[in-house]
Each structure stands twice: as C-alpha cells, then as structure tokens.
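Q: Sharing the features that Swiss-Prot gives for it:
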- 22-42: transmembrane segment (TRANSMEM)
- 58-78: transmembrane segment (TRANSMEM)
- 86-106: transmembrane segment (TRANSMEM)
- 116-136: transmembrane segment (TRANSMEM)
- 148-168: transmembrane segment (TRANSMEM)
- 170-190: transmembrane segment (TRANSMEM)
- 224-244: transmembrane segment (TRANSMEM)
- 247-267: transmembrane segment (TRANSMEM)
- 278-298: transmembrane segment (TRANSMEM)
- 313-333: transmembrane segment (TRANSMEM)
- 353-373: transmembrane segment (TRANSMEM)
- 431-451: transmembrane segment (TRANSMEM)
Amino acid sequence: MSTSTQNIPWYRHLNRAQWRAFSAAWLGYLLDGFDFVLIALVLTEVQSEFGLTTVQAASLISAAFISRWFGGLLLGAMGDRYGRRLAMVSSIILFSVGTLACGFAPGYTTMFIARLVIGMGMAGEYGSSATYVIESWPKHLRNKASGFLISGFSVGAVVAAQVYSLVVPVWGWRALFFIGILPIIFALWLRKNIPEAEDWKEKHAGKAPVRTMVDILYRGEHRIINMLMTFAAAAALWFCFAGNLQNAAIVAGLGLLCAVIFISFMVQSSGKRWPTGVMLMLVVLFAFLYSWPIQALLPTYLKTELAYDPHTVANVLFFSGFGAAVGCCVGGFLGDWLGTRKAYVCSLLASQILIIPVFAIGGTNVWVLGLLLFFQQMLGQGIAGILPKLIGGYFDTDQRAAGLGFTYNVGALGGALAPILGALIAQRLDLGTALASLSFSLTFVVILLIGLDMPSRVQRWLRPEALRTHDAIDDKPFSGAVPLGSGKGAFVKTKS
C-alpha cells in the first residue's frame, strides 16, 4: 500500500457491497452458533421427556461432530464449484431444517438424525462463510474479515442463552427449536441480496467448472472404495462417541481407522500437497484439544469445585464468552498488523501467563476470576478467529472452501475428545488442575506447529516439488518454505 492509502482508516477501504457481504455472513455465523448450542441448553429437559440415559443424552451433542467432517467436504465442494454464496445459503438452510426437526422430534432417533443434519450444515457454514468474507475483502484486511466473522459464533451462543431463559420456562423446550425457521427466511433473503465473492468470480470467469474434492473422491476411479470408507468412518465415529463402548483399545482402534481414512481422503484430493493438508488437520486438532476442555468443563468446575450458584456461574461464563468474542476481533487487528502466524503465536504466549492464575485463584473473588477469564479467553480462544485465514492461505481458490471445510472439521473432532481427556485427568487431579495443565501443555504444541509453520516445513521435507512459498490469500511469504536461517532473499514466489 502507498503512504496515502495507509493514512486512510481501515474501514474506509471497504465499499458498501463488501460491508453488506460481511454483515450477511456474520449474521449467518451468529445463527449457526445459536442453533448449535440449543441442545446443550435443553439437554436435561430432552433427557427427561424422552427417558434417555446419560450416554444417550450426551450422544445428541456428539452427533454433530460425527457428521461435521462430511458436511465440510460436501458443502465446501459446492462452494468451490458453484460459488461461495450458494454454499453459504445452503448451509444455513440445512442447519435450520435440522434445528426445526429437533422441535418436532417424537423421540431419540429422530433427534439424533436431526443433529447429524445440523452438524453438516454447521460445517458447511464455517467453510463457505469464511471463504466468502475473506475473498470479498481487500487482501490487507483479511485477518480482520476472518476474526470479525468468527466472533458471530460466540455472540450467537450468548443470544441463545438469553432466549432460552425467556422462551423455555413459558413455552417449553420445543419452542426454542421452532425459532429455527427464522434462519431459513434469512437465507432466502441472502440468495437475492448479496454478491458473489470477488476472488471466486475472478478465478472462474469464462472457465470450465473445477474438479472438486467430491469429484475426486466420489466420481473418480476409487469412488466405490471411498464410499465404503465414508460409511466406515461414520460408523466408527458413532461407536466412539455414541455407542457407549467401554473398551479403550477398541475406541483407540476405531479412532486410528478414522485417522487413516481422513488422511487417505486428503492424499487423494490434494495430490502432491497432501503433507500440507495433513499438518493442517493436526494444527486444528490440537487447537481444539487445548481450548475445548475449558469450553466444555468450565461450568462443571465452577459449580462443583468453586460451589457457585447458577446465577454466579452464568455471570462468570458471560465474561468468558464475551472475552472470546472480543478476542476474535482483536485477533483480526493483530493478524493484519503482525501477520497471521506471528499474531497467533504472540497471542497464545500471552494467554499462557493467565491460564495458571485462572485456576489457582479459587472462588473467593468472582470479579477477579471473571476478569482473568475474560483476558485469558480473549488471548487464548479469541485468536482462533483468524484460523480460517491461516488455513485458507494454504489452499488455492479452486479448492479453498472444501479444503478449509474438510481440514477444519476433521480437526474439530478434537472438540469431542477434549472433555473426555479433561475428565480422565481429573480422576487423578482436581478438575481445575486438570484443565490448567491440559490447556497449558497443549497450547505449546499449537505454538510450535504454527510458529514453525510446520505445514510448509513438512511439505518441503516430503514433497518439495509442490511447495507453495506464499500465502494464497494475502501473498505473504511462508516462513517454513525455506530452511531456518535463510534470509528474505530465499523467498521466490511459486505459481499457485
């Protein structure tokens, strides 16, 4: 940018169409967060009415994780072939239909299937909305686009909690799911009133349709085997998270089977760039493993170890959720200022200073605990707002929506594993110590993976002929594309 351009406030670099595109996607992501957390809010009511066991009730939450990876792949491929806008609208309709179906569910099986649909729609919304906004904004503002967008999910969760307190006591739990009709109306408005993403339009103008991830996996020469592996992965995930398996060896074996299948899909769809894709799945996996123990078990910690009443728990959780939402926006500014990877590492390092005090302070001062959680979540959880920008930069426009959707949602299985890890460690330690130690140690793994740019580094080690030296979204160089100690002159931009 020129000096005169740099002196202009960042928001004036955006025209009305770009703001409209962002606002629409942000509202879609808010609705996504709203719909996703509804089941957690009414789980006890659903369990009581349907006469479910604790395992069956918990499986209604896990169901969304079982289907997310396939939704990210399928709807991401739709976004790569037909445009980001159509994929985003389709995703909103899908998770809204699933939410509405939960309201009409006569029993466990119907609600479980509806939750599978919600998981697919949620995954598609993540990949399509993120690529839509990022590709619609100027290159030097794309970390802000990513961070601001992801903040919508946290806001949606806060809105859901407030709506729950107003609706359920008066009209019952089903009425909460009937609100799912509203996003469908919003999606129909989106279809007519928002433009297509600029990067996608430029890439596809006057060209033949691209060969998507779905084409490669399910229409290629290995389609039969891939279909069988898809069913095998779905069945394995169901047995792991909803099948009440007691044998740890069997669960580990099924988890290994899923890992092999997902890596196989990445190798087939990414060709020579498969090392980058596999490492990105690991980055996301560990990002969920360090953050979700706190996300999932913090309410339990506050109620059991600190003996807080429900009102106090709600206040503390507000600080935590609001901190994450603010952190997404702060992460956007940091990313555009320092660069995506450097901002990520600096924010996580700062969050490490706070994680021990959060669980060491005890419950004597609620406000101090709330403030510590606010800043810890702002720095540790909120920085994940720029994760779509980080992942998307490793994929070309033709494969970005499916690549981002599949990679992120496979790694998101860490969100289902994280509470289990926290609970297992808590059998030997108190819950606060378990959460602090797990988050503290695994955050360092993410710092190393991102700070050393391991996706590019492993690509250079294993398949250097397909190495990309620059970010496909903002053209910034990848530090892992050259050996450590090499100067800036070592970066020679490769054709994407």
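Backbone N, Cα and C define each Cβ position, glycine as well.
Relative to the rest of the structure, where do these features sit?
A: Long-range Cβ contacts of the transmembrane segment (86-106) within its own chain (Cβ-Cβ under 8 Å, at least 6 residues beyond either end) map to 25, 28, 31-32, 35-36, 38-39, 71, 75-76, 78-79, 113-118, 120-125, 127-129, 132, 174-184, 186-188, 190-191, 401.
Nonlocal intrachain contacts for the transmembrane segment (116-136), taken as residues 6+ away from its ends with a CB within less than 8 angstroms of a stretch CB, comprise 18, 21-22, 25-26, 28-29, 32, 35-36, 63-72, 74-76, 78-79, 84-85, 87-88, 90-99, 101-102, 142, 145-146, 149-150, 195, 197-200, 388-389, 392, 397, 400-402, 404-406, 408-409, 412, 473.
Sequence-distant neighbours of the transmembrane segment (224-244) (same chain, 6+ residues past either end, Cβ-Cβ under 8 Å): 55-56, 59, 62-63, 65-67, 69-70, 112, 217-218, 250-251, 254-255, 257-258, 261-262, 264-265, 268, 413, 416.
A Cβ distance under 8 Å defines the sequence-distant neighbours of the transmembrane segment (247-267), meaning residues of its chain 6+ beyond its ends; these are 69, 73, 213, 217, 226, 229-230, 232-233, 236-237, 239-240, 274, 277-278, 281, 406-407, 410, 413.
Using a Cβ-Cβ cut-off under 8 Å and counting only residues 6 or more beyond its ends in the same chain, the transmembrane segment (278-298) has close neighbours at 262-263, 266-267, 317, 320, 373, 377, 380-381, 384, 387, 390-391, 394, 407-408, 410-415, 417-419, 421-423, 426, 431, 434-435, 438-439, 442-443, 445-446, 449-450, 454-455, 458-459.
Note on the transmembrane segment (313-333): residues 143-151, 154-155, 157-158, 161, 298-299, 302-303, 343-344, 347, 366, 369-371, 373-386 of its chain, located 6 or more positions outside it, place their CB under 8 angstroms from a CB of the stretch.
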Q: By a Cβ-Cβ criterion of under 8 Å, what residues six or more beyond either terminus of the transmembrane segment (353-373) are in contact with it?
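A: Same-chain residues near the transmembrane segment (353-373) but 6 or more away: 298, 301-302, 305-308, 312, 315-316, 318-320, 323, 379-380, 432-433, 435-436, 439-440, 443.
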